[in-house]
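Visitor: Can you read through this structure? Questions will come right after.
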């Protein structure tokens, strides 16, 4: 984890609520008014698109999205998702609904607790390197059962579940001094940070894409009851040990 610890905050950074402007490679949509007919509208960043979609979801004002024969035919020829979402397999956390995204918009990778293994990492690498998705969101969620299990006393659950829970336990240990009432949420957020670190430590592909400015990575936390997604951290590309400047 040595490489990533240099580029992540010592703790989960101050939460960037969805209403805050998103940082990215593009500007936010420029405002226009009758008095300024020459105003140029700039496409929103991928993160801004996700934030806007989540605001619609929270407000119960989701935009109907095209699922026509024409759209399906277009996607049969290829895909160009604007974001990768790595999140839990929990049935209450469907990214396409949470972000009000349509067919082909998101490349979704799901595993309990967002735990990274080789197949999960390969899926993320494929979307980032070959489909050129410019944004990776690693999203934990409220009341995550996998993290709850990792917080409990060690007890054999079978080799596969033991592997899963064991992968989360280091994140749990990092927040052991947090007051009990807030410990689960802290552990879920620490696990997101750990997953981001593991992904970059174990993938030269992702590390290079981040360092060259081709991939932005953020952590997120989904609130089950409110439906809100809070963006909690972003990887500082300049701090990666072998970051490559854009254009080099």
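Backbone N, Cα and C define each Cβ position, glycine as well.
Automatic, uncurated: that is what TrEMBL annotation is.
Pulled the feature table from TrEMBL, pasting it below:
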| type | residues | note |
| --- | --- | --- |
| BINDING | 88, 90, 141, 144 | Zn(2+) binding site |
| SIGNAL | 1-22 | signal peptide |
Visitor: Could you list the residues of the same chain, at least six apart in sequence, whose Cβ is under 8 A from the Cβ of residue 90 (Zn(2+) binding site)?
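Guide: Non-local contacts for residue 90 (Zn(2+) binding site): 112, 141, 144, 145.
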Visitor: Using the Cβ centroid of 88, 90, 141, 144 as the reference point for the Zn(2+) site, which residues of the same chain not in that list have Cβ within 8 Å?
Guide: 87, 89, 92, 93, 112, 113, 114, 140, 142, 143, 145, 146, 147, 188, 222
Visitor: Which of 88, 144 has the fewest nearby Cβ atoms, counting only those within 10 Å, among these binding-site residues?
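Guide: Comparing Cβ neighbours within 10 Å for the binding-site residues 88, 144, 88 has the fewest.
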Visitor: Tell me, how many other CB atoms lie within 10 A of the CB of residue 141 (Zn(2+) binding site), whichever protein chain they belong to?
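Guide: There are 23 of them.
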